[in-house]
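Per Swiss-Prot, the features are as follows:
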type	residues	note
SIGNAL	1-20	signal peptide
ACT_SITE	Glu57	active site, proton donor
ACT_SITE	Asp114	active site, nucleophile
Amino acid sequence: MSVMAAMGGAQVLSSTGAFADPAPDAVAQQWAIFRAKYLRPSGRVVDTGNGGESHSEGQGYGMLFAASAGDLASFQSMWMWARTNLQHTNDKLFSWRFLKGHQPPVPDKNNATDGDLLIALALGRAGKRFQRPDYIQDAMAIYGDVLNLMTMKAGPYVVLMPGAVGFTKKDSVILNLSYYVMPSLLQAFDLTADPRWRQVMEDGIRLVSAGRFGQWRLPPDWLAVNRATGALSIASGWPPRFSYDAIRVPLYFYWAHMLAPNVLADFTRFWNNFGANALPGWVDLTTGARSPYNAPPGYLAVAECTGLDSAGELPTLDHAPDYYSAALTLLVYIARAEETIK
């Protein structure tokens with residue numbers, strides 16, 4: 001699917017108000033469960049699967065969910081918490097992690113670009129939904145710094161770096177394709193009309209198409225791009241898996257109507273080889289080995305919207321084992337609601 005086709009879809013959604021009011025009752029109901037389980041009164045979203053830490057990703061997800069459900073009070077509390085505790089003073093990006101009880105609570109000032117893009121996506125949508133132009137200006141400021149600070153050339157690609165520090169090697173750059181939050185990149189182009197966003201999206205589509213490995217032709221959690229030639233390989237230093245991070249790739253590209261038919265076909269083949277009752281939590285892209293445990297409900301929700309034949313109703317957040325599985329599930333609820341509206 002071309003970027004221009006996806007952009008046209010995004011502009012239709014924006015102009016018809018679907019971005020401004022995408023929440024049927026199901027989304028609002030699931031948000032209420034997420035809010036009760038993972039949002040603290042301070043506005044801090046808690047990652048229960050990682051020792052109760054918080055991060056820019058979680059704040060972005062929470063803000064996006066609240067905007068989708070029309071919950072302005074919760075949105076404001078999460079945005080204020082993120083600005084106060086995570087946003088940099090020298091740019092508009094966000095430190096990636098907050099550790100309650102530690103001194104300092106933000107020991108690492110490095111950003112996580114997906115968190116930045118999720119917060120900007122939430123701000124842009126909240127600005128439209130709640131008629132708050134200041135939120136849209138905040139989103140545009142974040143997008144400007146992501147574009148200027150987090151993109152670079154690697155071979156034939158303009159790539160989106162995962163963070164400011166730690167991902168540039170002598171001969172390669174390390175990417176996380178799940179950090180390409182495609183609905184946010186579409187919104188960035190829609191708000192700014194900067195053609196550089198089009199290049200980032202087009203190259204993101206190319207990277208997802210070319211950067212797939214193993215018998216199932218799946219993207220790895222971490223991908224290396226040769227800085228001179230653009231050759232792609234599974235990054236060393238991480239398990240060579242399709243797992244915790246890469247599970248978001250089909251979701252984000254489906255949501256933005258950018259999931260190419262051949263890529264969708266490979267995901268569909270993978271999901272249905274195992275089925276809903278035996279889908280692995282990870283698969284090794286070099287050996288084909290699978291996790292000894294099955295995928296949590298959030299992974300099944302992603303599979304359900306990208307080709308799993310045996311799926312039934314979407315899981316509810318009542319049964320989510322932790323924050324991340326719940327977040328994936330609620331993202332699917334929102335993506336499906338917007339598909340229905342479109």
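Backbone N, Cα and C define each Cβ position, glycine as well.
Distance from the CA of Asp114 (active site, nucleophile) to the CA of the residue listed as 'active site, proton donor' is 7 Å. Counting every protein chain shown, 25 other Cβ atoms lie within 10 Å of the Cβ of Glu57 (active site, proton donor).
For the residue listed as 'active site, nucleophile', the count of additional Cβ atoms within 10 Å of its Cβ stands at 26 [all protein chains shown]. The DSSP secondary structure for the residue listed as 'active site, proton donor' is helix. Following the DSSP three-state reduction, the secondary structure of the residue listed as 'active site, nucleophile' is helix.
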